């Protein structure tokens, strides 16, 4: 009985201590917040954005150098200056920004983002720095067709993916079919080509685009909930960082600096020079990145693929089983998913491991290529007559030596065309890594499309460059194959 009372008292004491600790834990959490100090310690503020959103953020060639400009950039520079650090901009698709923030790839998002209830569940926001109206852009020929939110029955309306404009179109445009895409430039192209009947955009963005397109206009459509605020997204619990950001935003408001930033952005939108003079360097940079990423992917993919092929041919089950599982998993899942798993998944699982986008992209392409190269090499080895190995073994060569000096050289000669095709495939598939902000050819084409307000020519030029790369590579592989045949 005494023992039972002792345990009862002990339980009560422990419960009280837990309640006291829980009541103080928010205070302790606030005191332990080092988000601002951590940024100041590294000396750089990493800001994520999607630079296809003029006048918020867009690309501009200044003195021959690709530069991201816009009033969001001016705000970011002001915040970084007030913190005493340098600004580091990370560009990626809009729908990749929140995952990048939550996995600490970036410190904040400054990309015309609104603090919706759904987003507030995931991240915190600064004080709003801008209040804007949402607009519907239509073709001038449809001016009398779309006047109110009830005029969109059966119409196809475009909006950028995972934005407040997408939600607004779904909620208020009665009977409309909403089509969501990642790039605003693509939406505007589809509107011009009559694949879309309208596009929902923020007021400043709508003004920017109709100033460049003579056949488009802003309709008279008025949304009930069309007034939205724009703020800066940060991770939850970053109290000291939020205080610093809010102080900078308050100074911007007090000194009326936003108007100055907007005027600078509007001036930067005017184009000068011809297309290739302005954007030729973008394509050169993109092509070099594409070739480099593909080369790394095939090189390490071939090394890993050769190992997997030998494992799959082994007589030991514990070697065959992992190789089979790996190959089937990689070939059975999309490359895009693998890229996300490598880029965001490594940070989520391993915490402190924060792979740069270029490293994550190369790793993902290498791992993906390895599964296909493994099957190519395995087929090449199996195509070599078994008598070759038997003859080598009869001459006293070990199994490893016979594989190295007899079987593999013949197998490589047989599979060279297939390996060449894999290299060509990787060059084309490398375009997918643009989703995480790697500045390869497809990414730079999107940059040019946003900066030039032209969604056709930039991708046409990219298609020509891809053809030159793949055709040139196939010709080189053909020469190598003929030389190997003549050496027989």
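Note: Cβ is positioned from N, Cα and C throughout, glycine not excepted.
Per TrEMBL, the feature signal peptide maps to 1-29.
Among the features that TrEMBL reports, transmembrane segment is placed at 287-311 (among others).
The domain 'ABC transmembrane type-1' annotation in TrEMBL covers 287-477.
With a threshold of 8 Å between CB atoms, the same-chain residues lying at least 6 positions outside the transmembrane segment (332-351) that come near it are 99-100, 103-105, 357, 360-361, 363-365, 367-368, 429, 432-433, 435-436. Look at TrEMBL and you will find 332-351 (among others) tagged as transmembrane segment.
The transmembrane segment annotation in TrEMBL covers 357-377 (among others).
Taken from TrEMBL, the feature transmembrane segment covers 432-453 (among others).
The feature transmembrane segment is assigned by TrEMBL to 459-478 (among others).
Most Cβ pairs within less than 8 Å of the transmembrane segment (287-311), among stretches 357-377, 432-453, 459-478, belong to 357-377. Residues 90, 92, 293-294, 296-306, 308-309, 312, 323, 326-327, 330-331, 335, 338-339, 341-343, 346, 411, 415, 418-419, 422, 425-426, 429-430, 433, 436-438 of the same chain, all 6+ positions outside the transmembrane segment (357-377), place their C-beta atoms under 8 angstroms from a C-beta of that stretch.
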